[in-house]
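Novice: Have a look at the structure that comes next, please.
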Amino acid sequence: MNRLAVEIPGLSLKNPIMPASGCFGFGQEYSKYYDLNELGAIMAKAVTPEPRLGNPTPRVAETASGMLNAIGLQNPGLEHVLAHELPFLEQFETPIIANVAGATEDDYVQVCARIGESKAVKAIELNISCPNVKHGGIAFGTDPDVAHRLTKAVKNVATVPVYVKLSPNVADIVSIAQAIEAAGADGLTMINTLLGMRIDLKTRKPIIANGTGGLSGPAIKPVAIRMIHQVREVSNIPIIGMGGVQTVDDVLEFLIAGADAVAVGTMNFTDPFICPKLISELPKRMDELGISSLQELKKERANQ
C-alpha cells in the first residue's frame, strides 16, 4: 500500500502535495525542472470565459514573511486554455484541478460546463473570492447565500467534482463552508489570500497600483490552520489545505488540522523544486513521528 496515497472525490493522489493555483501557471515552465508526474496533483492557473490582461503594475510587493499580489486573474481565456494549455498537461498522469473564476454567475457556469472537455481535468476549483459585478463588487465568497447559489449553479453543469476555494476575508468561515457543502460541493480548498496593503514611504501611496493585494506566504499559515480546524470540527467534507506551506512539518500540521491534501503556493517562487522536495522528505518525517500512513493519520484525527 502507498502510505502517502489520498483518495478524495475525482482525485486519486499518489501523495498529498500539489502546487497551488496562480503559482504554477499551466505547468510548462516547471516541467523543465522536474517530472510533473512526481506531484500529487496540479492546481492550474485561473481561467475566465474571455482573456484578461489583469491589473496595472506594480501588482506584486514583498512583505515580511510573505508577499502581496493583485495580478487580477490574468489569463488567455477558456478557448485558448482548452486548445493550447491543457493538451500539454494531458501527457502526464498527474490529475489536473482547473481553477475557474468569473465576474458573474454566468461566467462561472460557462467555463465549468466546458473545462471538463480536457481529459486531464479531474476536478474544478471554484475561485469564489472574485468580486460579483452584478452585486456591487462584493466577493461571491463572503455571503453564504450567494456562495450557495453559485455552487449549486456550477454543480448543475460540471462534469467533474467541484471544490470551492474559500476566502478568509469573512467573519464566519464555518457558515460559508456549510452553505457550500449544502449546495452539493464535493470538497473545499482553503484558504485563499488575506487582504493586505503596503505603503511606499517616499510616495506616501500604496505600493500596489490597485491599492490592496492578497497576502500569501508563511505569514498567513496560522490563520489557515485555524480555519481548517474550525471547518473540520463541523464537517467531514474533503479539504485541500493551503496558506504558507514551506516545510514538511507544515504539510503535516495542515493534515493534522483537518486537511486531506496540501497545496504549496508562494514557496514555488522562492524554490521551484519545493514540491518534489517536500514529497521526498515526507516519508522520513512520518517515520520520525510514528505515522505509518496518511490513512492512519486521518483515522487518528477522526477518533480524537
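Each Cβ is built from the backbone N, Cα and C atoms, and glycine gets one as well.
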Novice: Check Swiss-Prot for me: it has N69, A70, I71, G72, L73, N127, N192, T193 binding substrate, so pick out which one of K45, K202, K205 it puts in that same site.
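Specialist: Matched candidate out of K45, K202, K205, per Swiss-Prot for substrate with N69, A70, I71, G72, L73, N127, N192, T193: K45.
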Novice: Say Swiss-Prot lists S21, K45, A46, N99, N127, I191, G217, G243, G244, G265, T266 as binding FMN: which of K155, K165, K298 is in the same site, per that record?
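Specialist: Swiss-Prot names K165 for this FMN site.
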Novice: Cα distance, K45 (substrate binding site) to N127 (FMN binding site), nearest Å?
Specialist: 11
Novice: Express in Å, rounded to the nearest integer, the largest CA to CA distance found among the substrate-binding residues K45, N69, A70, I71, G72, L73, N127, N192, T193 named in the record.
Specialist: 16
Novice: If you draw a 10 Å sphere around the Cβ of A70 (substrate binding site), how many other Cβ atoms fall inside it, taking every protein chain shown into account?
Specialist: 23
Novice: Tell me, in order along the sequence, which recorded positions from C130, I191, G243, G265 have their CA within 10 Å of K45 (substrate binding site).
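Specialist: So the list is empty; none.
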Novice: Please give me the binding-site residues out of S21, A46, G243 that lie within 10 Å of T193 (substrate binding site), comparing Cα atoms only.
Specialist: G243
Novice: Work through the binding-site residues one by one (A46, I191) and point out the residue whose CB has the fewest other CB atoms within 10 angstroms.
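Specialist: Minimum Cβ neighbour count within 10 Å, taken over the binding-site residues A46, I191, occurs at A46.
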